[in-house]
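Participant: Annotations per Swiss-Prot:
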type	residues	note
BINDING	C5, C7, C21, C24	divalent metal cation 1 binding site
BINDING	C7, C13, C15, C26	divalent metal cation 2 binding site
BINDING	C15, C19, C24, C29	divalent metal cation 3 binding site
BINDING	C33, C34, C44, C48	divalent metal cation 4 binding site
BINDING	C34, C36, C37, C50	divalent metal cation 5 binding site
BINDING	C37, C41, C44, C60	divalent metal cation 6 binding site
BINDING	C50, C57, C59, C60	divalent metal cation 7 binding site
REGION	1-29	region 'Beta'
REGION	30-61	region 'Alpha'
Amino acid sequence: MDPNCSCSTGGSCSCAGSCTCKACRCTSCKKSCCSCCPAGCARCAQGCICKGASDKCSCCA
């Protein structure tokens with residue numbers, strides 16, 4: 001379990017836009033991918049890396 005998230009690793013949960021999970025692995029949590037991913041990014045992947053600019057990361061360029 002992520003100490004900052006109430007759901008189990010790899011489980012299904014409803015992480016809201018205000019989710020504070022730092023490494024949330026919830027399959028339904030889109031926010032956990034990256035803080036720099038634009039809203040609605042179809043390729044958003046959990047654990048992607050920000051490249052500096054607020055709108056660029058390793059999965060949504």
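Every residue number used here counts from 1 along the chain in the order it is shown.
Here the Cβ of each residue, glycine as well, is placed from N, Cα and C on the backbone.
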Participant: How many other Cβ atoms sit within 10 Å of the Cβ of C57 (divalent metal cation 7 binding site)?
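Facilitator: Other Cβ atoms found within 10 Å: 23.
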Participant: Within 10 Å of its Cβ, which one of these binding-site residues (C36, C37, C50) has the largest number of other Cβ atoms?
Facilitator: C37
Participant: Is C36 (divalent metal cation 5 binding site) helix, strand or coil when read with DSSP?
Facilitator: coil
Participant: What is the interatomic distance between the Cα atoms of C57 (divalent metal cation 7 binding site) and C36 (divalent metal cation 5 binding site), given in whole Å?
Facilitator: 6
Participant: Is C57 (divalent metal cation 7 binding site) helix, strand or coil when read with DSSP?
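Facilitator: Looking at the DSSP assignment, C57 (divalent metal cation 7 binding site) belongs to a strand.
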Participant: What average pLDDT does the predicted model assign to the region 'Alpha' (30-61)?
Facilitator: 64
